[in-house]
2 protein chains.
Amino acid sequence: MTRSAETAGYQFNHTMIRIKDPKRSIQFYTEVLGMELLSEAKFESFTLYFFAYDHSGGTLTDREKKNSRFNREGVLELTHNHGTESDASFAGYASGNTEPGKGFGHIAITVPDVQAACARFEALGVPFKKRLTDGSMRHIAFILDPDGYWIEIVPQRLQLADDDE
Amino acid sequence: MTRSAETAGYQFNHTMIRIKDPKRSIQFYTEVLGMELLSEAKFESFTLYFFAYDHSGGTLTDREKKNSRFNREGVLELTHNHGTESDASFAGYASGNTEPGKGFGHIAITVPDVQAACARFEALGVPFKKRLTDGSMRHIAFILDPDGYWIEIVPQRLQLADDDE
């Protein structure tokens, strides 16, 4: 498929999911998954949080990270509608993987060592949807974020076998 | 927030959403949005399609693109459960933006020229959720993919103003 000159420079910048409690989600995405909080944008009734991995080796300043928000790929946007974190009647958000509301499936993090990553998630008490040892696909796992969204943990494979689709 | 050595090398690889009809979705994501179909993986009851922007300037071979599937960011995975495309009783997937099933919000594509991008989407007959001229945020738009998922179209801003959160 040849790419149109009209779409040159386009980037798949971010994916947005809604969250109930920013305190829990920020802790999870930064401390458990190791992303950086690039920036946040507070509005009257909601706040947006933008996360991404810093692949610069630590050379980017906070200002540069913040500026990269709309000019890179691999950004995760979390939307917090104020009040859900303390609203006992709030039913929570749908993961997208069950009816009603099936559609969105998951986000995926690739890791250099999937065994080590999953052992660390276990040690941190992260809930699993699918451990490496569950089911037939023994090289991938699914963990759950604080809202119950599925996060696939996938090994970084530098080269697929010729017959591996 | 300091990044843990234990998560060094992690990448936000992909986002997965389910689609009804791969023919329509492949046409949309490649021809309208300009992504490349990196690879596909066919299983008994479903097929996975992996898309991403090729930022190499066309120097990557098909094999290299395919191998990049699990070793880069900004990948979109579409899951097609076989049969939905011709099942008159299939109700379609939830966008994640209305109850029941609220949770996932959107994916976002950043573009060098948001006015030109939106004019092209109009000319191609792409449905809009929010035109640039709708609402108070005049610099962003939302289009709809063939399943009704929201796609935010955002200008690439190289630098935010100091007071712009």
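Glycine is treated like the rest: Cβ placed from N, Cα and C.
Here is what TrEMBL records for this protein:
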ACT_SITE  A:GLU152  active site, proton donor/acceptor
BINDING   A:GLU77, A:HIS106, A:GLU152  Zn(2+) binding site
DOMAIN    A:11-156  domain 'VOC'
Across the domain 'VOC' (A:11-156), what are the DSSP residue counts per state (helix, strand, coil)?
33 helix, 51 strand, 62 coil
Between A:GLU152 (active site, proton donor/acceptor) and A:GLU77 (Zn(2+) binding site): CA-CA distance (Å):
17
When you measure from the Cβ of A:GLU77 (Zn(2+) binding site), how many other Cβ atoms are you left with inside 10 Å?
23
If you count CB neighbours within 10 Å, which one among the recorded positions A:HIS106, A:GLU152 has the smallest count?
A:GLU152
C-alpha spacing of A:HIS106 (Zn(2+) binding site) relative to A:GLU152 (active site, proton donor/acceptor), in angstrom:
7
